[in-house]
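Reviewing the structure listed below.
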There are 2 protein chains.
Amino acid sequence: MTQDFRFTLQATDGRARRGQIDTPRGDIRTPAFMPVGTAGTVKAMYPEQVRDTGADIVLGNTYHLMLRPGAERVARMGGLHDFMDWPRPILTDSGGFQVMSLAKLRKLDEQGVTFKSHIDGSSHSLTPERSIEIQKLLDSDIIMQLDECVSLPAEEDELNRAMELSVRWAERSKQAFNDAKGRALFGIVQGGDNHHLRARSARHLIEIGFHGYAVGGLAVGEPQDVMFSVLDEITPHLPTEKPRYLMGVGKPDDLLGAVARGIDMFDCVHPTRAGRHGHAYTRFGVVNLKNARHKDDPRPLDETSPNPTARRFSRAYLHHLVRCEEILGAMILSQINLSYYQELMAGMRNAIEYSTFDQYCASVREGWIKGDLPALE
Amino acid sequence: MTQDFRFTLQATDGRARRGQIDTPRGDIRTPAFMPVGTAGTVKAMYPEQVRDTGADIVLGNTYHLMLRPGAERVARMGGLHDFMDWPRPILTDSGGFQVMSLAKLRKLDEQGVTFKSHIDGSSHSLTPERSIEIQKLLDSDIIMQLDECVSLPAEEDELNRAMELSVRWAERSKQAFNDAKGRALFGIVQGGDNHHLRARSARHLIEIGFHGYAVGGLAVGEPQDVMFSVLDEITPHLPTEKPRYLMGVGKPDDLLGAVARGIDMFDCVHPTRAGRHGHAYTRFGVVNLKNARHKDDPRPLDETSPNPTARRFSRAYLHHLVRCEEILGAMILSQINLSYYQELMAGMRNAIEYSTFDQYCASVREGWIKGDLPALE
């Protein structure tokens with residue numbers, strides 16, 4: 001373990017945890033939401049705009065970056081922070097998940113996975129060792145082990161095989177990581193919706209020893225209650241003194257429920273992707289700005305929002321930008337959605353400190369249930 | 001003529017003019033370049049970013065705005081300035097040019113033009129009176145008369161017919177404008193590449209009397225020397241005490257040449273469109289960031305640029321964004337190109353004040369001819 005990476009648990013409220021991760025590139029307040037900067041950019045946002053929403057850390061995708069512009073090239077350019085001009089912490093995934101979801105002609109064996117790029121068909125391979133090497137070349141602050149993620153539903157045999165393989169890859173990842181100074185390595189708990197497999201996976205990973213523990217293999221199409229049930233079972237098996245990261249999650253309601261179950265970190269493309277499709281996240285829930293009800297509405301999205309951008313433009317203007325597929329629409333709504341996500345994380349952190357987490361979540365949900373402003377007559 | 005709109009000629013150098021247009025919404029330093037905010041947004045830019053490049057005024061397109069979101073709707077939303085949150089002056093075109101270039105099933109007669117929308121095929125009509133009405137509904141500060149623009153090359157008969165029609169429409173536009181307080185109305189000189197027709201057009205328009213005179217029907221496919229030759233002939237026929245606007249122009253070299261011939265105002269989609277296609281305008285000329293020579297280049301686009309964005313990101317990063325078709329690439333390059341255009345306008349204004357216009361243009365052109373930085377070995 002390196003000295004520069006430290007997790008401090010500052011307060012709890014039920015199973016919800018308020019903490020802080022110290023890294024050489026800055027602190028991460030937890031629970032934390034990490035905007036996804038897929039290919040070295042959080043889409044449609046300047047880095048300082050991402051920071052201004054309240055983000056302490058962003059995520060970079062190893063799969064995308066290894067294909068374009070290439071990990072060695074990013075390293076020659078001074079690493080991903082310099083390349084994209086984001087000086088704060090970056091977590092990189094292992095690439096495994098997107099090899100499974102995006103690449104063509106995959107072949108997986110004990111050694112790793114070979115695949116063809118979805119961009120140009122070129123051949124690549126990813127082993128636990130190469131994934132760690134790439135993430136070091138990117139100059140990642142939090143590195144993820146390579147794992148195999150199985151989509152649900154799946155047979156127990158298949159879940160077990162992938163979990164066992166992921167544990168062996170976790171060991172190789174730890175070896176390859178080699179206590180890299182100033183960086184952290186997270187293991188990934190697998191096992192699908194099978195509680196015994198999840199518990200075994202966690203036990204193995206804890207024996208190997210990581211700076212943090214991720215829950216993988218969720219948000220792969222299962223209902224929310226299945227995800228929550230897995231979290232209910234798994235978080236008690238994880239060490240309290242290490243951060244817990246639920247990968248690829250989620251929508252605002254998922255975040256509330258997962259923090260309630262002891263999760264500290266999240267990432268998801270949803271807020272920026274939804275923004276590019278004309279959907280705004282607000283205290284009223286999701287507002288679909290494509291909807292004709294907004295076309296003559298002079299009101300801002302939310303005039304009481306702490307985010308100036310959500311108070312600035314009329315719904316009629318946002319509707320117009322979305323209908324015309326104007327880039328500014330994607331820019332504004334990405335900003336609004338990431339701001340709302342960060343507002344939610346800040347609200348949860350504050351509520352945990354004051355032991356009012358349940359009340360906070362209830363009041364947030366009440367706003368969503370109440371829904372959007374009544375349409376104008 | 002309204003009292004709130006005033007043009008002051010402050011200095012001349014040869015035929016190049018340094019001036020200022022005062023409007024109720026702010027002053028416009030001339031020679032001025034007006035970024036084009038086609039559908040109520042300068043594409044991929046927040047309004048304050050447009051202002052920060054040095055723009056005093058933007059252009060809105062009547063054709064686009066009458067179709068989406070509709071002029072009456074913009075009026076109900078408080079006008080175009082409020083709608084897009086650009087508090088400074090806006091010039092709107094008459095819609096005529098884009099009816100000719102974009103709409104389907106056009107029918108033009110003495111009364112005006114009927115057409116079908118290129119978006120949904122709906123039927124619309126535009127007369128001089130309706131064009132002025134729409135521009136007032138948009139709350140435009142500088143309104144353009146409806147005219148007929150003929151593409152070049154064209155027969156003299158055809159150029160004459162369109163010029164005469166445009167003059168009759170100019171009279172009707174003036175009537176419809178009705179000395180609207182705080183706004184200006186510009187007439188448009190037509191006549192193609194025929195000097196006699198251009199001179200007759202100018203004489204007629206001056207008799208009618210406008211706040212400013214535009215040169216239309218150029219930048220429609222003719223070579224630059226044809227355009228310059230028309231300007232050489234026409235500007236001496238225009239009153240010195242009124243601003244002169246060359247519509248739809250152009251590339252940086254066109255701006256230098258047209259200012260040298262006495263033009264005060266310009267608009268063009270080129271800098272933002274080129275930015276969305278990966279082309280950057282710099283003191284080295286145009287840099288095509290798609291080009292593989294940039295993929296390993298850690299140097300910024302121009303480390304001596306007064307624009308921080310042009311100094312901020314490496315060419316390798318810009319190349320990567322352009323190749324991945326990332327929105328941030330369009331955002332950055334639109335900003336860089338509009339900044340460079342404004343830098344050029346500021347440079348020309350300054351040079352005219354100091355009677356060094358020719359030297360300034362020569363030194364700018366020298367930079368372009370010298371070209372981009374040598375590629376790295």
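Note: Cβ is positioned from N, Cα and C throughout, glycine not excepted.
Look at TrEMBL and you will find B:15-366 tagged as domain 'tRNA-guanine(15) transglycosylase-like'. Under the heading substrate binding site, TrEMBL lists B:Asp93, B:Ser94, B:Gly95, B:Gly96, B:Phe97, B:Asp147, B:Gln190, B:Gly217. If you look up TrEMBL, you'll see B:Asp93 marked as active site, proton acceptor. The region 'RNA binding' annotation in TrEMBL covers B:248-254, B:272-276. If you look up TrEMBL, you'll see B:Asp267 marked as active site, nucleophile.
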I need the nearest neighbour of the residue listed as 'active site, nucleophile' among the binding-site residues B:Asp93, B:Phe97, B:Asp147, using C-alpha distances.
B:Asp93
DSSP-assigned states of the region 'RNA binding' (B:248-254) in counts, ordered helix, strand, coil:
3 helix, 0 strand, 4 coil
Structural state census, the region 'RNA binding' (B:272-276) (DSSP three-state):
5 helix, 0 strand, 0 coil
Other than its own, how many Cβ atoms are within 10 Å of the Cβ belonging to B:Phe97 (substrate binding site)?
23
Residues close to substrate site centre defined by B:Asp93, B:Ser94, B:Gly95, B:Gly96, B:Phe97, B:Asp147, B:Gln190, B:Gly217, Cβ within 8 Å:
B:Met100, B:Met144, B:Gln145, B:Leu146, B:Glu148, B:Cys149, B:Ser166, B:Ile188, B:Gly216, B:Met247
When you measure from the Cβ of B:Gln190 (substrate binding site), which residues in the chain that are at least 6 apart have a Cβ under 8 Å away?
B:Asp147, B:Glu148, B:Cys149, B:Val150, B:Leu159, B:Ala162, B:Met163, B:Ser166, B:Leu197, B:Arg198, B:Ser201, B:Gly216, B:Gly217
Using a 10 Å cut-off on CB atoms, tell me which of the recorded positions B:Asp93, B:Asp147, B:Asp267 is the least crowded.
B:Asp267
Using DSSP and three states only, what is the residue listed as 'active site, nucleophile'?
strand
Among B:Asp93, B:Ser94, B:Gly95, B:Gly96, B:Phe97, B:Asp147, B:Gln190, B:Gly217, listed as contacts of substrate, what is the widest Cα spread in Å, to the nearest whole number?
16
Ten-angstrom check, please: count other Cβ atoms within 10 Å of the Cβ of B:Gly96 (substrate binding site), all chains counted.
26
